[in-house]
């Protein structure tokens, strides 16, 4: 008995030892797995390849497959289509082609049997090519992103789910139903079984809408699309007229299509051209066709006349709107000229000056410079307006020496403040001794520095030249002060950019370092030209500078007063609001106390009764 007991204990010990060994092995395996997870797949694969011998080829194969598994299971960034991108627009152009094909070909093949029979292989090729494009369009829609909180959604599952839940998905599925199987039942003479392919019409409308916003000639594009819609309606009406004539009987009366047994009316081209001619005359309400005789013909004719009236009204309305839009700028410009003519006539302006003014307006209109840039760009946000200004005017501004090394923020401010001006032949841009309140940059044209007689030319300034930059800085010690030192006259028509002193100083208030740098550059230029007074005793106090400072202080005081008035009014409104709320709270408290007192009285009376 003792022997058996000892044997049992030995067995138990062995089992425990085995369990402990297994647990230790499992712990070691877990540690190794954790270490492998911590390391990258490239380290695991590379180290196993180096450590293992060729005898341990299994380990290498296992690590290789784990490497492949990591590659294919790792998340990848999904390619999505931006609905505002060029790729989306190009795809709309591609998918519009099969849509227009189906809308024109299916009805024609269904009504004109020869057209279906003679080109059967071509139709099948085009049909199934358009079906493939429709399928590709569904995949394209499933990858088309959308904006959520201003960001493009790039989650593949979200995009697919959104497309599945949309009405467009159901329409696309219906348009892709394999209705061609009815060819086996009905035969090949019924292409109208593919009528479900017409449901993709919204793709064509979307393409036309985006094209209208992208083109530089939207009015012409609208006219072209309108003409295309009218041609499609006339085409459909022609096909329906031929089919209706076939149902009644060719040549049965004067209204229907003539008998096809006649040689001249039996050809396919004559059938279509005659039907198209009839449809055009009817829908444009011109008439001059035989009158209907049967009741069904009368109904068909009435419907055609109603459609024709709607088409005619649409054409007239759209074209009138387009023409008025195209001529809106010209009408506005002409009204401006008429007002100036009336003013000059009322003030008895000389004939020569009146002719100069009219020629100046003609130059503006013919060279497309009649638009006010600030008026055109005022609907854009500040950032976009600054980018357009930088794109158009930055190179011109950088040509000025004093602005060459300025920081970008100041240049953006100045670019937005540049104003275009056009001068006529013989106009003085500035005269000697005038106060310099603007600087000018020549964009196009030629200016001459002339003597006091206005005839003798010293220098001719051309495109890219500039002048007046020192006078607007109002540098202390300048011998010329802020006065003009020369007479500058326009030789022909000249386009200039003008930057006023007030605009420059307004921009420099936010950039004091740039202001100091510009003044230093101006002093260096004046010193180089010998126009800077170095003796402090000879410096005169600048009365204009003091006046500007006083004006600025006055303006800031006025601004502070208005702000203070606004704050006081806001404070008064908040005080009244708080007072009104306190009164409401007191009223509510009085009601609750009255209700509580009445409840207490009722309870006392009940207690007495009890």
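A Cβ is built for glycine as well, from the same backbone N, Cα and C atoms used for every other residue.
Features reported for this protein in TrEMBL:
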{"type": "REGION", "residues": "9-36", "note": "region 'Disordered'"}
{"type": "COMPBIAS", "residues": "11-36", "note": "compositional bias 'Basic residues'"}
{"type": "TRANSMEM", "residues": "40-67", "note": "transmembrane segment"}
{"type": "TRANSMEM", "residues": "87-107", "note": "transmembrane segment"}
{"type": "TRANSMEM", "residues": "220-244", "note": "transmembrane segment"}
{"type": "TRANSMEM", "residues": "298-320", "note": "transmembrane segment"}
{"type": "DOMAIN", "residues": "402-508", "note": "domain 'Cyclic nucleotide-binding'"}
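Cβ atoms under 8 Å from those of the transmembrane segment (87-107) belong to residues 81, 123, 126, 129-130, 133-134, 137, 140, 144, 191-192, 194-195, 197-198, 200-201, 203-204, 206-207, 210-211, 214, 232, 235-236, 239-240 of the same chain, restricted to positions at least 6 beyond its ends.
Counting residue by residue with DSSP, the domain 'Cyclic nucleotide-binding' (402-508) contains 20 helix, 40 strand, 47 coil. The average pLDDT computed over the domain 'Cyclic nucleotide-binding' (402-508) stands at 82.
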